[in-house]
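Report on one structure; see the data block that follows.
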Amino acid sequence: MKKLLAILGAVTLLAGTDMVLAAATGTLTHIDVDESNEARQRGAETVISTCLLCHSLKYVKFINLTEIGMAKEDIEFLLMDQGISDRMMSLSPVEVREESYGKVPPDLSLMAIARKNGPDYLYTLLTEYYYTEEGETDNHLFPGIKMPDVLAYADTEPGSAERAEAEAQARDVASFLKWTADPNADTRESIGVYVMIYLVILTALLYLLKRRVWRGVHKTE
């Protein structure tokens, strides 16, 4: 309960910030999405520890994280006042987020497919923060955005280990959110391989059957 109160206090400090995403004006950075469960797990940890303060993933339950290889004990370690069978909802009440940001921040469950080039969009958004001359954070992709720089990217220097770590975290977040947008993609792809093998074998058998039938026809002639 103390952790939850601390988080709500942090939300209050961010009151008045505009979480509405305007039209993107910058160029997206292309990334090769890491489809490994290890990357998805790291992304899940970052999302739970930073993004659930304001955002929800209403189509995903914490228990679903076992599908990307996370042990129940590791999932429970990340929980605060939630249960492992609960949906991944924001830790802040709707009223608090509406009062603080003017509207409820968007659900992230389908964000990777709701946006064109979703993973690139997510990565670019998280890695385009910088400090203005007035000492405030801004974003090259969304000038004027007030969404907090959750990875503290603006505090890192080009070429530094800290920047490399922030970029790696952003890639992992993109990887995880791509999975939440379509968690059955891996299953479909694996089934697709077997379907293709089946079709190849079926085609070969039908070809052999055709040859046999027509051989008999030619003999009767």
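Even glycines carry a Cβ here, placed using N, Cα and C.
A TrEMBL annotation is a machine prediction, not a hand-curated record.
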M147, M196: which one does TrEMBL list with C51, C54, H55 for the heme c site?
M147
By Cβ count within 10 Å, point out the most packed of the binding-site residues listed: C51, C54, H55, M147.
C54
